[in-house]
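Visitor: To start, I am sharing the structure in question, which I have written as structure tokens.
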There are 2 protein chains.
Amino acid sequence: MNLLKEKIVNEGKVLNDHVLKVDSFLNHQIDPFLMQEIGKEFAERFREAGVTKILTLESSGIAPSVMAGLYLGVPVVFARKRKSLTLSENLLTAGVYSFTKQEENTIAVSGSRFTNKDCVLIIDDFLANGQAAKGLVHLLEQAGSHLAGIGIVIEKSFQDGGGELRRKGIRVESLTRIDSLSGGAVLFAEEAEV
Amino acid sequence: MNLLKEKIVNEGKVLNDHVLKVDSFLNHQIDPFLMQEIGKEFAERFREAGVTKILTLESSGIAPSVMAGLYLGVPVVFARKRKSLTLSENLLTAGVYSFTKQEENTIAVSGSRFTNKDCVLIIDDFLANGQAAKGLVHLLEQAGSHLAGIGIVIEKSFQDGGGELRRKGIRVESLTRIDSLSGGAVLFAEEAEV
């Protein structure tokens, strides 16, 4: 994803050694053309995986997921973050600990959205310590759905979430991997490692 | 939008005289193909309006907005609903009263996302009493941006939000308008009125 790397280099802001701000094309303002390319790339990588649904987390995961769903021809479900849910009864919930805010939040999906016949691709914007991804995996475990894998737009490979998920045998496909944000600069992982 | 009407008829659930649940294709699970068609329709209706950006509200507004942004060739910005914002300084905020929850919430966008050179299309999933739309309009007023109009996926025309906005001279384009949900049935407004 050279287009994504260019965007990160040109528009990303390194706030400190751990935080990359991508508010101009992914997390607050969204670049629809970039999302389309990201969706095509996820679809290509998971084309043969038998995906029946995509699961993501509001809000920044929605745009790349909807584009991936379009090119895979499958629906997208977004988990909600708050407890004040207007979803139906039969909620599946999981706790997601936020190291930034030092608090645990609940994420939830309607249990009627997933069955043990589903083969689900999880998509999210960032992967760092893997808390959100693990919460989403836990939702699918409760539904008895099969996990096709996890698609990530930007992985901070200097944090352990990706490694931990891969060591569990989960297929994690990250469109970009960042090895370091030290000194205000984005250092991408070598292509060969991706 | 016959496809949208069919979806509403076949999959929408009328919970009471005021609430239509569309969790299977818009508000929780998303149908990406339908979103693409919705995006094309918004783009066609606002093609000549000189739109430079789309503004929506997390989370259900994001999918139709990103598709509209793709076909109009403009970026999308989503306002956040919570106060715990990781956005930059210089926030523009507005209060949005929720009649359902009987509480006022704050919505916010980064002030750096809009200028007085922007011509902005607001897109949202539902229009009922118009509180969310008015909040979004208020954000743009603070930025000094021009308002191209408001695009709505489903308008409950038996509530006054749409009428109120139109009486102010704002162009409101709703892809479907529902005149009544009485007796558990969806009654669409006559095409001629749309």
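Cβ coordinates are placed from backbone N, Cα and C, and glycine is handled just like the others.
Copying in the features that TrEMBL gives for the protein in this structure:
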BINDING   B:Leu20, B:Asn27, B:Lys156  xanthine binding site
BINDING   B:Ala128, B:Asn129, B:Gly130, B:Gln131, B:Ala132  5-phospho-alpha-D-ribose 1-diphosphate binding site
Visitor: Can you check which residues sit near B:Lys156 (xanthine binding site), meaning Cβ under 8 Å from its Cβ, same chain, 6 or more apart in sequence, and list them in order?
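Guide: B:His18, B:Leu20, B:Phe126, B:Leu127, B:Ala128, B:Arg177, B:Ile178, B:Leu181 - these are the non-local Cβ neighbours of B:Lys156 (xanthine binding site), listed in sequence order.
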Visitor: Give the helix, strand or coil assignment DSSP yields for B:Lys156 (xanthine binding site).
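Guide: Where B:Lys156 (xanthine binding site) sits, the three-state DSSP reduction gives strand.
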Visitor: Round to the nearest Å and give the CA-to-CA distance linking B:Gln131 (5-phospho-alpha-D-ribose 1-diphosphate binding site) with B:Asn27 (xanthine binding site).
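Guide: On Cα coordinates alone, these residues lie 18 Å apart.
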Visitor: Taking DSSP as the reference, which of helix, strand or coil describes B:Gln131 (5-phospho-alpha-D-ribose 1-diphosphate binding site)?
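Guide: Note: B:Gln131 (5-phospho-alpha-D-ribose 1-diphosphate binding site) is helical by DSSP.
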Visitor: Below 8 Å Cβ to Cβ and six or more residues apart, same chain only. Which residues does that give for B:Ala132 (5-phospho-alpha-D-ribose 1-diphosphate binding site)?
Guide: B:Leu57, B:Val96, B:Ile107, B:Asp124
Visitor: Could you list the residues of the same chain, at least six apart in sequence, whose Cβ is under 8 A from the Cβ of B:Asn27 (xanthine binding site)?
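Guide: Counting only residues 6 or more apart in sequence, the Cβ neighbours of B:Asn27 (xanthine binding site) under 8 Å are B:Lys21, B:Ser60, B:Asp125.
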Visitor: What other residues of this chain sit with their CB within 8 A of the center of the CB atoms of B:Leu20, B:Asn27, B:Lys156, the recorded xanthine site?
Guide: B:Gly12, B:Val19, B:Lys21, B:Val22, B:Asp125, B:Phe126, B:Ala128, B:Ile154, B:Ile178
Visitor: Of B:Leu20, B:Ala128, which of the binding-site residues has the most Cβ neighbours inside 10 Å?
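Guide: Max Cβ neighbours within 10 Å, all protein chains included: B:Ala128.
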Visitor: Would you mind listing, in sequence order, the residues at least six apart from B:Asn129 (5-phospho-alpha-D-ribose 1-diphosphate binding site) in the same chain with a Cβ closer than 8 Å to its Cβ?
Guide: B:Phe99, B:Gln159, B:Asp160, B:Gly161
